[in-house]
Structure formats: C-alpha cells, structure tokens
Amino acid sequence: MSIILGIDPGSRVTGYGVIRQTGRHLEYLGSGAIRTQVEDLPTRLKRIYAGVTEIITQFQPDMFAIEQVFMAKNADSALKLGQARGTAIVAAVNHDLPVFEYAARLVKQTVVGIGSADKVQVQEMVTRILKLSDKPQADAADALAIAITHAHSIQHSLHIANSVKMTETQEKMTALLKTRYSRGRFRLKI
C-alpha cells in the first residue's frame, strides 16, 4: 500500500491530488489547489512551499510525483513555472519523500490514452478511474492524473520485475533439466 501525492505546479495555481494504491486498486484521498494571488513571486513561492508542506503533513504520502517542465513560448512563464516546481520539490525532499517526474504527454497518454488530450478529457478520465461523483477542478485533476501515472508506473515496474524473476526461474529449471537429461537421470517420453 502506498500513498502518492501528485503535483501540477504553477506559479499562481498549484494543483495537488492524493491517492492510495493497494495493488491495482486506486483510492481517492483528496485534491485541491494552492492559490497564490499576490504579485510578488518570492511570496507566491513561500505560499507554495507552505501549502505543499501542509498537504504532506496532512496526508503523509510515501511518494511524490510532479509534472516535468515543458518548453514554453514565453521564457518568463517557463522560469516562473520552474521556480514553482522547484519549490514543491524542495518541500517533498525536506520531508524525505522520493520524487518522481513525468512529462505531461506521458500523463495524458496514461490516463486518457492520447498524449494530446485536453484538460476536459483528463478531468473526465480521472473522474472515471477514481470513481468520483464530481469532476475535480482542472488543476486538481491534472495532479490526480500525475499520481495515477505514477501508480501505473509502479504496477508496470512490478510486472516487469516479476516477469524477469519468472524468466530467470524458467532458465534455471531448463538448465537443471538439461543437466539431468544429459546425465541420464531423465528420459523424455514422446
């Protein structure tokens, strides 16, 4: 069982979503947004840090997943987004959480099935996947989608690890059978 905190960073609105993963089952724990309406960037970053810290304290996540920075046309916006993202990551690291990063395109591909999905499609699929009665707001839905992507990544990694173990076991059994067969201990009947 793992509790995953997903973050959709922004210098004015930072979405968050928290889910619990038990095997393949995902359970919604909470979501929302940290809103920073002040004009001063350092004060906004301080509020993001305090907000993420409060969420970590409240939900006690085991893992922290965040969207990677994309290349924006406006350099100033990209820099502010990077600073907001870095602030959230520092809050996670200060609470000894492992940090995982996912590209927006991968998140959309995982949750919707299309890497170019729009926000409405992401909201709809998050609502379905987590069996929510109401659609979460856009920034919270994006954060939940990031958490869902991380949960799927964990499941995929476990599946691969189990496949590798099975393959290694099969190879060992095959080698053992070949050894016994070559020594005359086994006879194959056809």
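Yeah, the Cβs are placed from backbone N, Cα and C, and that goes for glycine too.
These features come from Swiss-Prot:
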ACT_SITE  Asp8  active site
ACT_SITE  Glu67  active site
ACT_SITE  Asp139  active site
BINDING   Asp8, Asp139  Mg(2+) 1 binding site
BINDING   Glu67  Mg(2+) 2 binding site
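Around Asp139 (active site), taking its Cβ as the centre, 24 other Cβ atoms fall within 10 Å, counting all chains. Counting every protein chain shown, the Cβ of Glu67 (active site) has 25 other Cβ atoms within 10 Å.
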